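Feature annotation from Swiss-Prot assigns domain 'Helicase ATP-binding' to 31-271; the stated evidence is sequence analysis. Summarising the annotation, Swiss-Prot assigns ATP binding site to Gly44, Ala45, Thr46, Gly47, Thr48, Gly49, Lys50, Thr51 and lists sequence analysis as the type of evidence. The annotation motif 'Beta-hairpin' is assigned in Swiss-Prot to 97-120. Residues annotated as domain 'Helicase C-terminal' in Swiss-Prot: 435-601. The feature domain 'UVR' is assigned by Swiss-Prot to 627-662, with sequence analysis given as support.
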Amino acid sequence: MIDRRDENTFKLVSKYQPSGDQPQAIEQLVDNIEGGEKAQILLGATGTGKTYTMSQVISKVNKPTLVIAHNKTLAGQLYGEFKEFFPENAVEYFVSYYDYYQPEAYVPSSDTYIEKDSSVNDEIDKLRHSATSSLLERNDVIVVASVSCIYGLGSPKEYADSAVSLRPGQEISRDQLLNQLVDIQFERNDFDFQRGRFRVRGDVVEVFPASRDEHAFRIEFFGDEIDRIREIESLTGKILGEAEHLVLFPATHFVTNDEHMEASIAKIQAELASQLKVFESEGKLLEAQRLKQRTEYDIEMLREMGYTNGVENYSRHMDGRSEGEPPYTLLDFFPEDFLIMIDESHMTMGQIKGMYNGDQARKKMLVDYGFRLPSALDNRPLRREEFESHVHQIVYVSATPGDYELEQTDTIVEQIIRPTGLLDPIVEVRPTMGQMDDLLGEINLRTERGERTFITTLTKKMAEDLTDYLKEMGVKVKYMHSDIKTLERTEIIRDLRLGVFDVLIGINLLREGIDVPEVSLVAILDADKEGFLRNERGLIQTIGRAARNSQGRVIMYADKMTESMQKAIDETARRRQIQMAYNEEHGIVPQTIKKEIRDLISITKGTNTEVEEESLDYSVMTKSERQEAIKKLQKQMHEAAELLDFELAAQIRDMVLELKSMD
């Protein structure tokens, strides 16, 4: 394991004190961790402040912590919240750095080879480097990650051993430093100074670390000795301070030294020779020629540049791993005694399980048709059992824990009471006969009170028919289907909150970002049709959409009571009873959550100024107008990222991608 040089402790900063059943949940979780419990579940109802509880636990157990979410948006939200709770500690963000990613693939039926195509988000790449360097330098680290954290990354030992350590007074010549920087994949560019680059002016070398975005370092030499190291603003060169010690980690996570490189190339060549014999014996001459040409080109690039596109496909040889051995991942950068928290574990653990099979199916096709060596199969995500082998202690966090989590542990810590006093909604079951008229009456009641309604159906046709019917009846209604893009989806939710329309119909309204405090009625059609969206967990998640309004109510339309319905109704009633008893004992009156309705493209700064993009019809713009709009949006995206509002930055990014696709 890598020795951390820093023993900092976590310091939680919050104007809140634990309330409701947060204190007992925090105490139980901490006691279980300190008592050596390997796995436990935090069963937290929607809106009970699970992130705050997680933060309290982290600050008390004081271990490096990995928090895994099931998508970038949720990871971004959690990252922002943890940054606020721990301003003095290292809170890092580690997700896939691809804005756009088309993996390398081959389709035999049409003889189509699809080359890997991607667009790397520079900001996220910086944050990934920041995460790995923090993990090697200190202990007070929280990394919020997507399942990207189980994908192959370079060896942490190579990454750490390759780091360049510099101090004032150190004997090293300027040229020695330049050679070391090139070895760890820094690029010399005296004119365009960006992350992962350095520039030289006489006896002064300026280096821009891969983990920074505004600050660089100026290393001043006196002969063959470092005279001083200064931190500077990368753009202006303004001096920000003196540094007593500077550690420069490699500019890429896949790095190896010259000695290892030659050994790796020898292994690649041996595997190539072996695979060529296999193809030739099978009469696959085209595949053999293809593989020979591609691999020899990559070897030449590795020899000359120390890097090649797709270098990760040779990671087994670079890392010195055996066939089938799991790759290094972000988890290997953590010390042995670290804590894992899985947010929305009922979704995330399913993702962790499924990543390996999909990756192998695609790569096997590339190997079979001579596009990659068989060792490329070992550049892969971890299998679930390999992930489990990294687990020292883990907390699964969910309102509806999955079967997997429940099999792993009997230790369940409940957090049912909301700080706002809000109760789980009342759930009714009504017959399907006459359901349209009944539903219309319920909608009108809510509309008169200025409240909103969610309706969830099972089929696209039913959603469309219901939308048409309600429109004929004078209801302001919209249907949100799967073809709607991220940005438009956010606009729809905002319009619902503003009252542009009163009813939203969808098939799956469980997705993140769909919590709307104005919604007081959730109607579930075909509630008795068992399946993914009508199982116990799906129903509890849907019921939770009405839990942010003091008038919250759920109506299930069904002709029979299924086991899933009964379990969901019983669990909701159980939670509601606990919440009512607590409110009565403490004299709390439930209050609907007050949540600001934010403009779609607005970033509020400390000065309360706003950057806004008017709502325009981009389809009628000229190409030059679209290019101008893209520039404006990219500026706003970077401003959002600087303010750590990654949810908004992601929305703007999606809008930019939509605009680019029009050209």
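Using N, Cα and C of the backbone, Cβ positions are placed for all residues, glycine too.
Everything Swiss-Prot records as a feature, shown here on the structure.
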| residue | record | Cβ neighbours (10 Å) |
| --- | --- | --- |
| Gly44 | ATP binding site | 23 |
| Ala45 | ATP binding site | 25 |
| Thr46 | ATP binding site | 19 |
| Gly47 | ATP binding site | 18 |
| Thr48 | ATP binding site | 26 |
| Gly49 | ATP binding site | 21 |
| Lys50 | ATP binding site | 23 |
| Thr51 | ATP binding site | 19 |
Local backbone state of Lys50 (ATP binding site), from DSSP in three classes: helix
Let's see if you can do this one: DSSP helix, strand and coil counts over the domain 'UVR' (627-662), in that order. 32 helix, 0 strand, 4 coil
For the recorded ATP site, enumerate neighbouring residues of the same chain (Cβ within 8 Å of the Cβ centroid of Gly44, Ala45, Thr46, Gly47, Thr48, Gly49, Lys50, Thr51, site residues themselves excluded), in sequence order. Thr53, Ala399, Gln415, Arg418
Averaged over the motif 'Beta-hairpin' (97-120), the pLDDT of the predicted model comes to 56
Please classify the secondary structure at Ala45 (ATP binding site) using three-state DSSP. coil
